[in-house]
Amino acid sequence: MPEGPEIRRAADNLEAAIKGKPLTDVWFAFAQLKPYESQLTGQIVTRIETRGKALLTHFSNGLTLYSHNQLYGVWRVIDTGEIPKTTRILRVRLQTADKTILLYSASDIEMLTAEQLTTHPFLQRVGPDVLDARLTPEEVKARLLSPRFRNRQFSGLLLDQAFLAGLGNYLRVEILWQVGLTGQHKAKDLNEAQLNALSHALLDIPRLSYTTRGQADENKHHGALFRFKVFHRDGEACERCGGIIEKTTLSSRPFYWCPHCQK
């Protein structure tokens with residue numbers, strides 16, 4: 001599943017295609033969304049926001065399209081009039097004079113009013129987004145030490161969108177390697193230096209992934225600045241200590257680590 005940097009990059013591409021342009025045609029696959037087709041035609045997309053792995057497409061009439069790609073959903077940008085070659089099932093089409101964005105295969109799609117945005121179950125449950133520039137390491141540290149999260153092992157905590165939105169497995173692996181910790185640790189057991197290092201890494205690594213490339217290719221490195229240090233590198237030498245990177249399973253997900261320098 002794509003993680004926060006990939007979702008934000010996808011949103012950037014969608015915004016670049018249609019933001020600020022009048023919608024010339026709107027189509028939804030689901031019956032409950034059909035009434036909104038006429039309401040949105042002629043409106044403009046004002047911005048596309050990410051909340052972790054969910055996308056919020058905001059329209060000029062105050063409505064917001066909520067979509068969560070889950071495992072199979074994917075957005076695409078095409079030239080208007082182009083017929084894409086795909087076997088995927090189309091769910092949403094937002095068309096302007098020159099560009100069209102398409103959502104395929106997703107099933108978690110809703111139209112929300114401004115009031116409904118504040119009460120939506122997923123949006124209420126999800127934590128602060130790691131790519132939100134307003135989120136600081138100090139706030140992350142306070143969240144780590146809060147009664148809700150301080151007793152949680154990092155193996156599960158760093159996958160929990162209620163803790164920090166946008167984290168996922170490759171980010172979990174790389175963050176813990178960066179700070180030299182294993183997934184069995186809990187925030188309550190860390191010293192001040194470890195807490196500070198982890199609080200910064202929880203923001204720095206996702207943001208570096210987003211700004212340098214932001215696309216998940218699990219068999220290749222991430223751009224020139226951010227590259228995988230341990231993810232999918234089992235059997236290779238750790239660049240920090242020379243130990244051999246190992247692969248195991250934590251919280252039902254593949255986990256890569258260096259037993260020599262992650263303690």
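Placement of Cβ uses the backbone N, Cα and C atoms for every residue, glycine included.
DSSP classifies PRO2 (active site, schiff-base intermediate with DNA) as coil under the three-state reduction. The annotation active site, schiff-base intermediate with DNA is assigned in Swiss-Prot to PRO2 on the grounds of sequence analysis.
The Cβ neighbour count for GLU3 (active site, proton donor), using a 10 Å radius and every protein chain shown, is 22. Positions annotated as active site, proton donor by Swiss-Prot: GLU3 (among others).
Annotation comment: Swiss-Prot describes LYS53 (among others) as active site, proton donor. Within 10 Å of the C-beta of LYS53 (active site, proton donor) there are 23 other C-beta atoms, taking all protein chains into account.
Secondary structure at GLN70 (DNA binding site), taken from DSSP and collapsed to helix, strand or coil, is coil. When other Cβ atoms within 10 Å of the Cβ of GLN70 (DNA binding site) are tallied across all protein chains shown, the result is 13. Here Swiss-Prot flags GLN70, ARG125, ASN169 as DNA binding site, drawing on sequence analysis.
Away from its own ends, the zinc finger (229-263) comes close to residues 155-156, 159, 169-170, 172-174, 176-178, 180-183, 218-219 of its chain (Cβ-Cβ under 8 Å, at least six residues beyond either end). The zinc finger annotation in Swiss-Prot covers 229-263.
Of all Cβ atoms in the protein chains displayed, 15 besides its own lie within 10 Å of the Cβ of ARG253 (active site, proton donor). The secondary structure of ARG253 (active site, proton donor), as reduced to three states from DSSP, is extended strand. Marked as active site, proton donor by Swiss-Prot: ARG253 (among others).
Note: the Cα of GLN70 (DNA binding site) and the Cα of LYS53 (active site, proton donor) are spaced 8 Å from each other. If you draw a 10 Å sphere around the CB of PRO2 (active site, schiff-base intermediate with DNA), it holds 19 other CB atoms from the protein chains shown. In this structure, the CA atom of ARG125 (DNA binding site) is 13 Å away from the CA atom of LYS53 (active site, proton donor). Between the CA atoms of ARG253 (active site, proton donor) and ASN169 (DNA binding site) there is a gap of 7 Å, rounded to the nearest whole number. Cα separation, GLU3 (active site, proton donor) to ASN169 (DNA binding site), rounded: 8 Å.
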